[in-house]
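Data first, discussion second: the structure below is written as structure tokens.
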């Protein structure tokens, strides 16, 4: 059948709200994925946005189709619509409207909710409004029903927390608390790279794009690919990463630049400069000042020397002088370039475009990636700042030299988590949208084998990235250091534990919540501090409440909307 132009308005509404849903998933869920990396200072906010732009998009496009099918088909059977394609189109349009609206409200209120549960609950609502209480697949339904999805409510945080505990305990007792932890960190790093490489390979194979057919490979071939790829990554870490980090951290060679990484083994013989150690450029990953619990650890290597402080003061004065000589904001730009005569003159139009419109657009687009997340998380100047500081004081901080090793690993792991997230959570917006597009385009009921267009996955992946870049900070500010003290070693363990859980869930077609996985993993790693008071249980409770409230709110909204439209009087 040809395109159903009588339903153009429903397709337009569905497209707009699918874009909004994907945008808010980026601002809410993708922010969860990178909150640990930004909070631990392994990545700046701008670097996190760049990493997400690549990995989220690739994950969505390459391996997003399988979980999208589960969201689209497993909750409501196509027979519930009694062969009426228009009703199915209306149902999924109402679902995406309800889901995106709830996510917008929650994100605006800095409430990290489950975007998976939001769309699932919305589909439940329209299913009940269409076919009654029996319409949704309440049971297990071969691993695709609601019982499977809601089982993840407790299973996902529990499994992720378990993985987080195991991974961080191995790092803590195998490296961090030992004498000369930096040496042990270097010794064990290739094993960590091997593990992360294996996880990434499993993400690609087990959730492989149908067009590649990787999931149909023989089990022996899969095992060889996983082990072989992980081994290659570990070997590359030995050849290139180890000598590079050894020169930076152990030799204190301040002349090392990023491109020296490709010198590989030649760096072992590279002599350190005579003033090595005088200029320490290992970042300070410590979140708070040193206290008694850190007494056995070396002083922060990122602490500035007197000479460095003098240099910083001089640089600061230069920056202040430079800032005073240039317009600092949009108001200054307007004052420095006044409009003379009618605004319609070409010269004035150029001034308006260059010094008013363009700076305003740049400010809007870059604001989300230039805010100070750490100041927001510490609640500086807020009445809650003292409580957050007390929570941080109960978690030990380890030497910056050692933590620096795990900052590299955390960036690698953040990319794995981002790839897995793009594959898993793009389905929350594109699943319903694929139904809307199929029905509008063909006039037929969308069944279990309806293909998901690649352009739709690319569209969803793009909106995920834009959401993180422009509004993700509003969720990041209530995560990370607001839950427990962060560091690269802790953040690495949290992200790897969470991504392993997401990959296992996607392997079995179970759409779990990335929010639940990262929060569960964060709790697990926080418990390894040995003091339950090192965790912000109030924040955890607030997040858990958001998960619970998502179900009735989204389901009621979508169900009422569907019921009103379906039964509205008409001529």
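Every residue number used here counts from 1 along the chain in the order it is shown.
Every residue, even glycine, has its Cβ placed from backbone N, Cα and C.
TrEMBL annotations: computationally assigned, not manually curated.
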Matching range for TrEMBL feature annotation, transmembrane segment, among 48-65, 66-83: 48-65
Contact call for the transmembrane segment (85-105) and the transmembrane segment (6-27): at least 3 Cβ pairs under 8 Å, seq gap 6+: yes
Contact set, same chain, for the transmembrane segment (539-566): CB under 8 Å, 6 or more residues outside the stretch: 87, 90-91, 94-95, 97-99, 101-102, 106, 111-114, 117-119, 121-126, 128-130, 153, 478, 482-483, 513, 515-516, 519, 523
Segment-segment contact (the transmembrane segment (454-476); the transmembrane segment (6-27)) at 3 or more Cβ pairs under 8 Å: yes
